[in-house]
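Annotated features, as they stand in TrEMBL:
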- 71: active site, proton acceptor (ACT_SITE)
- 72, 75, 77, 79, 81, 93: Ca(2+) 1 binding site (BINDING)
- 198: heme b binding site (BINDING)
- 199, 250, 253, 258: Ca(2+) 2 binding site (BINDING)
- 40-120: disulfide bond (DISULFID)
- 73-78: disulfide bond (DISULFID)
- 126-328: disulfide bond (DISULFID)
- 205-237: disulfide bond (DISULFID)
- 30-332: domain 'Plant heme peroxidase family profile' (DOMAIN)
- 1-29: signal peptide (SIGNAL)
- 67: site 'Transition state stabilizer' (SITE)
């Protein structure tokens, strides 16, 4: 594949750093389901209420909030670092390539934080808000509900450099993609399951146009794109595409959290290169998992509730580490 490559030296170094962080702060058993039972018992309902209100004017918001949780956890653990703005001491992850002009939902996170602060001041971390928002977003979109483990604290730093290399790219090769999950303690089943989050949401042309033009050595498109989908995407995103144009990640049920993502892959209708690779890579261990989830939505939902908890437990700050931010966009004043 013309747009898949081996890991560069900086990427290898960054992934080694991520692996070291995971070893120092492994999947953490200190998180508990009842962490706020006494200090902020209504936190889950507050989060869900704000997101439900946002859905009335922004059908994309649920997918966007789930993505924020994903992008947070893949960079120095689930610590709310993705929410930090630029400052004299912070180089924001929002400006990293996977997030720049792409990550969204920060205003809704601010509203959630404000609503929680008015009820339970200086109690609930921004990292936990992202975990709770992911749960509410999936549930409000027709997906499963799970028990969210809580007790994360917020980072004092961000890591834009790590965000540039540790967050999976839509152009990653199958080998690169699996390595980015493995290094954080996530396995093949987690990879296929969490990729199913692409069952809702939108994407800009820039994230998939390399598949449409000059993908192969002879200048053809990605052969794993179905003819109808290729034609539709080329019409939407010509070579001189409008950078503001977006399209549905799932062309069948774009706003629902269901298992159509997997049946789309079986028809060569995956939008991202990294989506279709899960099914079209010869003899890949991911293929039977795709088939299983396509045939049984309940199996996908059950697996998703496990994998999202696995991801949410990556290297959390607990105890006296980090802080509880008063404003999710900036660290507290010392």
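Cβ atoms are placed via backbone N, Cα and C, with glycine included.
From a predicted model like this one, the values you see are computed outputs, not experimental measurements.
Feature map: TrEMBL annotations on the structure.
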{"residue": "67", "record": "site 'Transition state stabilizer'", "Cβ within 10 Å": "24"}
{"residue": "78", "record": "disulfide bond", "Cβ within 10 Å": "28"}
{"residue": "79", "record": "Ca(2+) 1 binding site", "Cβ within 10 Å": "30"}
{"residue": "93", "record": "Ca(2+) 1 binding site", "Cβ within 10 Å": "28"}
{"residue": "120", "record": "disulfide bond", "Cβ within 10 Å": "16"}
{"residue": "198", "record": "heme b binding site", "Cβ within 10 Å": "22"}
{"residue": "205", "record": "disulfide bond", "Cβ within 10 Å": "18"}
{"residue": "237", "record": "disulfide bond", "Cβ within 10 Å": "22"}
{"residue": "253", "record": "Ca(2+) 2 binding site", "Cβ within 10 Å": "17"}
{"residue": "328", "record": "disulfide bond", "Cβ within 10 Å": "22"}
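Within 8 A of the CB centroid of the Ca(2+) 1 site residues 72, 75, 77, 79, 81, 93, the other residues of that chain are 71, 73, 74, 76, 78, 80, 82, 127, 155, 158, 159, 163.
Looking just at the domain 'Plant heme peroxidase family profile' (30-332), the mean pLDDT is 98. In terms of C-alpha distance, the listed binding-site residues 81, 253, 258 place 81 closest to residue 40 (disulfide bond). The distance from the Cα of residue 250 (Ca(2+) 2 binding site) to the Cα of residue 78 (disulfide bond) comes to 27 Å. Counting in whole angstrom, the residue listed as 'heme b binding site' lies 9 from residue 67 (site 'Transition state stabilizer') by their C-alpha atoms. Using a 10 Å Cα-Cα cut-off from residue 72 (Ca(2+) 1 binding site), the recorded positions that qualify among 78, 253, 328 are 78. When each of the recorded positions 40, 75, 126 is scored by how many other Cβ atoms sit within 10 Å of its Cβ, 40 comes out lowest.
Ranked by Cα separation from residue 205 (disulfide bond), the recorded positions 77, 93, 120 are led by 93. Looking only at the recorded positions 71, 120, 199, 237, 258, the one with its C-alpha closest to residue 77 (Ca(2+) 1 binding site) is 71. All chains included, 25 other C-beta atoms sit within 10 angstroms of the C-beta of residue 250 (Ca(2+) 2 binding site).
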